[in-house]
Amino acid sequence: MNETVPGPPASKSLIGIAIAVAIAAGMALAGSYQGQALHGFPVFALIAALAFVIQWLVFIPAYLSQSERYYDFTGSVTYVTVVACAVTVNNDPRSLLLAALVAIWALRLGSFLFLRIRDAGSDRRFDRIKPFFFRFMMTWTLQGLWVLMTAAAALAAMTSGSTPELGAPGVIGLGLWLAGFAIEVVADKQKRDFRRDPANSERFIQHGLWAWSRHPNYFGEILLWCGIAIIAAPALQGWQYATLISPVFVYLLLTRVSGIPMLDAHALKKWGHEEAYQAYRKATPPLFPKPPKASA
């Protein structure tokens with residue numbers, strides 16, 4: 001494929017791929033501790049490998065067609081696939097609940113993102129990535145790592161050799177998941193409806209949940225993964241407790257890497273000169289909700 005614009009050195013992308021795979025291997029070792037095995041191979045490790053294989057298989061036609069259209073959808077399908085595989089090992093109430101919660105979240109978010117990209121025509125994040133083989137491959141590899149790290153606690157619990165009753169942690173975790181899921185869904189709908197109004201094409205949203213937080217959808221996502229970790233925790237053993245880093249990973253990803261920093265930078269570039277946006281930014285927390293001040 002001809003590339004008219006010089007790209008970044010392939011070595012950097014290869015190093016990124018290697019680091020992602022190494023982190024995944026470490027998580028696979030921890031999550032497999034005293035877990036179920038299939039023909040002598042730890043089920044958690046097999047599922048971790050599957051998460052990456054799916055990405056690489058879809059990456060090939062995506063690169064050849066120079067399309068990112070199915071990137072988010074593939075991530076969603078990967079979540080559903082890995083929990084479907086895991087639940088075949090243990091079908092106790094905890095495993096069934098975790099599989100359902102992860103699948104519901106993944107299908108909802110995946111369809112939302114897929115339709116958003118379809119309506120927009122393309123995802124501008126990939127414009128300078130997809131022409132370059134290894135750089136584009138690295139983004140798919142990182143998606144595999146995202147799936148594994150985010151769902152690690154759930155997958156470890158579902159493939160664990162321990163199956164305690166749900167008990168209070170199950171109730172508390174489910175409550176947090178329901179609250180977080182509701183917040184994320186409502187926030188996404190409010191923003192989608194706002195953007196569909198042509199009159200708002202050059203405006204920023206600041207009503208509804210967006211008056212409480214500049215990124216309420218991210219707060220909801222972090223909250224629901226905390227709920228999943230709480231549900232999963234009683235079934236974990238030894239090194240499997242390392243998988244409880246899942247909600248911390250989600251928090252760091254959304255607040256330090258690809259979520260809030262990118263969106264805030266874009267918002268500042270577009271509305272930073274407006275006094276109304278400056279006031280909104282000053283009065284509204286970036287993540288954790290705070291009731292807006294009543295208008296005078």
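Cβ coordinates come from backbone N, Cα and C, glycine included.
Nobody curates TrEMBL annotations by hand; they come from automatic prediction.
Outside the transmembrane segment (40-63), and at least 6 residues removed from its termini, the chain residues within Cβ reach (under 8 Å) are 1, 21, 24, 27-29, 31-32, 70-71, 74, 77-78, 81-82, 85-86, 89, 130, 133, 136-137, 140-141, 143-145, 147-148, 155-156, 159. Residues annotated as transmembrane segment in TrEMBL: 40-63 (among others).
TrEMBL lists 95-115 (among others) with the feature transmembrane segment.
The annotation transmembrane segment is assigned in TrEMBL to 136-160 (among others).
Summarising the annotation, TrEMBL assigns transmembrane segment to 166-187 (among others).
Residues annotated as transmembrane segment in TrEMBL: 218-236 (among others).
Sequence annotations record features per position, and here TrEMBL assigns transmembrane segment to 242-263 (among others).
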Range from 95-115, 136-160, 166-187, 218-236 with most C-beta pairs under 8 A to the transmembrane segment (242-263):
218-236
What else in the chain is close to the transmembrane segment (218-236), if you only count residues 6 or more beyond its ends and a Cβ gap under 8 Å?
94, 97-98, 101-102, 105, 150, 153-154, 156-158, 160, 162-164, 166-167, 169-170, 172-185, 187, 243-244, 246-247, 250-251, 254-255, 259-260, 287-289
